[in-house]
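For reference, TrEMBL has these:
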- 478-491: compositional bias 'Basic and acidic residues' (COMPBIAS)
- 619-631: compositional bias 'Basic and acidic residues' (COMPBIAS)
- Cys354-Cys366: disulfide bond (DISULFID)
- Cys359-Cys373: disulfide bond (DISULFID)
- Cys436-Cys448: disulfide bond (DISULFID)
- Cys441-Cys455: disulfide bond (DISULFID)
- Cys511-Cys523: disulfide bond (DISULFID)
- Cys516-Cys530: disulfide bond (DISULFID)
- Cys577-Cys589: disulfide bond (DISULFID)
- Cys582-Cys596: disulfide bond (DISULFID)
- Cys648-Cys660: disulfide bond (DISULFID)
- Cys653-Cys667: disulfide bond (DISULFID)
- 60-785: domain 'GH18' (DOMAIN)
- 343-386: domain 'Chitin-binding type-1' (DOMAIN)
- 425-468: domain 'Chitin-binding type-1' (DOMAIN)
- 500-543: domain 'Chitin-binding type-1' (DOMAIN)
- 566-609: domain 'Chitin-binding type-1' (DOMAIN)
- 637-680: domain 'Chitin-binding type-1' (DOMAIN)
- 395-428: region 'Disordered' (REGION)
- 473-501: region 'Disordered' (REGION)
- 613-634: region 'Disordered' (REGION)
Amino acid sequence: MWATTAAAAAAGGTAPGLGTYNALSTGDYKPASTGAHKAVSTGSRSPCKPPPITESYDPARYIMYFDQWHTSVLPDKATTAGITHVIMAFAEPLVFTTDPIGEYKPHMELAKVREMFDENVKISMAVGGWGFLVGFREGARTPESRALYAKNIAATVENLGYDGVDIDWEYPGGNGEDYKQVSNDESEVETYPLLLAEIKKAIGDKELSIAVPGLERDMMAYTPEKVVAINAVVDYVNVMTYDFINRRDAVSGHHSSIKDSLAAIDAYIKRGFPSSKLNLGIGFYAKYFTLQDPKSCTQAIGCPLVLAERDDGGDTGTSGVRTFEASSFPVFVDRSKLVLSPNTKCGGSTGYTCGEKSCCSQWGFCGNTPDHCATGCQPDFGHCGAFPESNEVSDKATTEKVSGTSEASKEDEVPKTAKLTPSPDGSCGSKTGFTCTGNNCCSQSGWCGATSDYCGTGCQTGFGLCDSDATSPAKSSDAPKEAPKEAEAPKTAELAPSPDGSCGGKTGFTCTGNNCCSQSGWCGATSDHCGTGCQTGFGLCDSDAPKEAPKEDKAPKTAELTPSPNGSCGGKTGFTCTGNNCCSQWGWCGNTADFCGTGCQTGFGLCDSDATSPSKSSDAPKEDKAPKTAELKLSPDGSCGGENGYTCTGSNCCSQSGWCGATSDHCGTGCQPGFGRCDTLSPTLKPRTAAKPKSMVKSRAQKSVAQSFQEAFENGIEDVENGGQWYVDLETGLFWTWDTPALVERKFTEIIAARRLGGIMAWSVGEDSYDWRLVRAMQKGVENMNSANQA
C-alpha cells in the first residue's frame, strides 16, 4: 500500500474494455462471448453513465481503511460523508492461533471511530497486512487449527462490536515479504479457501471480506477452481490495484495506473469473481525509485532503476513512499531552535537535530551509514551525503576543549567526557563527538566496548575510559581514578533485569538467562553479543564460558545458527528460535508445551529440559526465574520492545525506538534482539552493493526527498494513454509515481462503471490529510455512481 513517479508525456486514448455489458439479474459484468473488444471511453475525463439497470440496486460500497500509523490528522464528518465501510488495520494474525487467544486491542475505540462517519457505517477488523504471514500459515494448516482460528476471530469480532472481518493475507501460496527466505508453498493455495470457509461459518451474518493482490504474478491462490470456493463465502473483495511497481522491479512504471488496474480487475472477473463483489483500490501515497540515468528517462515506463532490493529481500534504501500528509512536504526549519538529539531520534516531528557529525535518515534516526546519509536523508536536521576524508567537521554542541590550567599542554585538547553527548549507537570518539558511558572505552576505530581491544592501544582518551586510566590520574573528571575497570564492574545479580533488551553502562540493565550484553548495549546470545566488546558485568560473555564443554556441545550451537526469519526452525532449515522460544518437532518456533515438550529440537532454541540445565555463569539468573521473552505478546499494532512487552513476527525486527519493520533502520544498530529478528544476528543477511546514480551523493546533500516530492507534486505529468501521473527529478535522480483526483475520476468511468464493480476502497484515510483531495474525488465519484444507477 505505497507509491512513486518520473518525466515526459505520452499521447493517446484510454484503456479498452474486454467486452460489452450483459444485463444480469445481479448487475454483473461479463466479457462478451465473442471476445470482441469495445472501447470504454475516448479519453474524456467527464463521468459517463453506464446503461441503465432496471432491477433493484444496492448503493456502491465506499470503503476506507483506517490504520494505526496515521491518526494525527483525521477528517471531519463532511469529508467522510458517504463512506459505507471502515476497516481497522491491523490485527496480528498469530494472535488467533492460540488457546487461550492472544491479545488484540483496536488502535481506537470503535465508539469513537463511529463518531467520525455516517450513522450506519460498518466497521470491520483487518487481520494481517504486509509481512504478517506466519499466523495465517499456522491458522490454515490443519482442520483443528482452522477451527480454533475461526473461533478466536468470531469471539473477537463479537466481543469488540465489529460488523465484519477483513482477511489481508499477502499472499497465500507465496511471493510475500519473506519470499527470499521461504519458498512458495502450494499447500497454502489449498488451505486458504478452507480457512475462509471456517471463518465465515464462525462469524455467521457478519461480513467477510478479503484483500487481494493487483499483480497477476501474485494471484496464485485465485485459480478459477479456488475462486468458486472463495466466492461462496466472501461478501466482497478489495483489489489492491496499487503497488504495481515495487522494489523487486528493475525498470520504472506506474504504481496505480488505469491500464494496470483494469487488467487486474479483468483477471479476477475472468477467474470467476462476480464484478459486483469487486472493489477497486486507491493508494493515498506516492512512490519513488532511484534512476540509473535520470537524464535519459523521458517516459514513465521502462527506465532502468538502481537496485532497490537486497539478495535477502530487504530494502536497499533507494526507494520509498510519501503519503499525502502535510508532514511529507518540506517546511521551513529554523535550525537555531533545534535541540541536539538525546536519543538518536531526529527530524521535523521531533525538533531534534543530529548535529554536523551525523545524518538524519528518512525514518528519523541519527547515524553515519549510507542508510542514514543517502536517499531520504533530512538535510535540515544533520549532515547528508558522504563525509569528508578529514575529520574537520566540528559540532560545538558536542565537543569542548579542556581548559583551566595555568600551562597549556596536550591534555588541554582532550574533550571533557562529562560535556560530550553519550553515544546513541555505540560509536564514539573524535569522528562522531560521542562518548562511551558506564565503564566502556572508545577504541581507535571509534566504537565503545570494555575489552583490551577497546581499552588498550589506540584507546581514545576523553571519550570514555582507557586502560591507562586505571593506574594513572584520570584525564577527565568523570573517569574512575584508580583500579582496573573489572574491579568496578557491577555485579549482574545486583542489577535490574533488562525490560526492553537494552543493557550495559548506558542503561544500567543486565541481560537475563544466557544472554550477553553487546558493545552497543543490547542483549543477545550470538558471537556479536558475547564476543569482542561484550560488556562484562551486564550478562554473560564468551570469556565466562566453562573451559570444559558440556554435553550439549554435541547439539548445534544456538548462538552460531541463523535466527529464524519466519518462525520456522530446526535441522531442516538451519534456523534457530530467538528469545525463550522452543523449536517443535515439526520445525516451528513457539513457547507452549507443544513446542517445548516432547520432540523439541535441542540446539535450535530452548526446550523444557533446559529448565534444569546449569546457567553459563554463577551470576546469571536461573532460567526459571528470569522473565521469558517468549511470554511477551505478539504486537497487535506494530509497536514492540520492553516498553509495551510486544514482539515482532515474521522476518520483522524491533527497532531501538520500539517499532516493527524490515528496513536497516529496524534491523541494524539498536535492533532489540529479544523482540524479533536483527541483522546483527544473521551473518548471512548482507546487502548487495547497489550502483549509485550519477551525481546522487552531491545532490542529496542539497535537496531532501520532501523537496523532491513537492517538486513532483507541483509539476507532475499525466501519462494519458496508460493513466498514471509521473515525474523525474533530475537533481536527485528520483522517479515519482502517484494518483491524482483527475485519474480517480477516470477510474470511476473507465473501470468501475465500465466493469460494473461493487465499489471502491482506499488505503488509508489518514494518509490523505494534506487537503483530502483524493478522498473528495472518491466521494464525488460514489455520488455520481449512485445517481447514475438510480436514473
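Every residue number used here counts from 1 along the chain in the order it is shown.
Every residue gets a Cβ built from N, Cα and C, even glycine.
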With a 10 Å radius around each C-beta, find which of these disulfide-bonded residues (Cys354, Cys366, Cys441, Cys530) has the fewest other C-beta atoms nearby. Cys530
Cys516 (disulfide bond) as reference: those disulfide-bonded residues from Cys366, Cys448, Cys653 with C-alpha within 10 Å of it: none
Candidates Cys373, Cys441, Cys653, namely the disulfide-bonded residues, that fall within 10 Å of Cys366 (disulfide bond) by Cα distance: Cys373
Cys354 (disulfide bond) and Cys441 (disulfide bond), Cα-Cα, nearest whole angstrom: 22
What is the three-state DSSP composition of the domain 'Chitin-binding type-1' (566-609), stated as helix, strand and coil residue counts? 6 helix, 9 strand, 29 coil
Mean pLDDT, the domain 'GH18' (60-785)? 80
Please give me the disulfide-bonded residues out of Cys511, Cys530, Cys660 that lie within 10 Å of Cys667 (disulfide bond), comparing Cα atoms only. Cys660
According to DSSP, which of helix, strand or coil covers Cys448 (disulfide bond)? strand
Mapped onto three states, the DSSP assignment of Cys523 (disulfide bond) reads strand
Other C-beta atoms within 10 angstroms of the C-beta of Cys589 (disulfide bond) total 27
Just checking the disulfide-bonded residues Cys359, Cys373, Cys511, Cys648, Cys653, Cys660: which sit within 10 A of Cys530 (disulfide bond), CA to CA? none
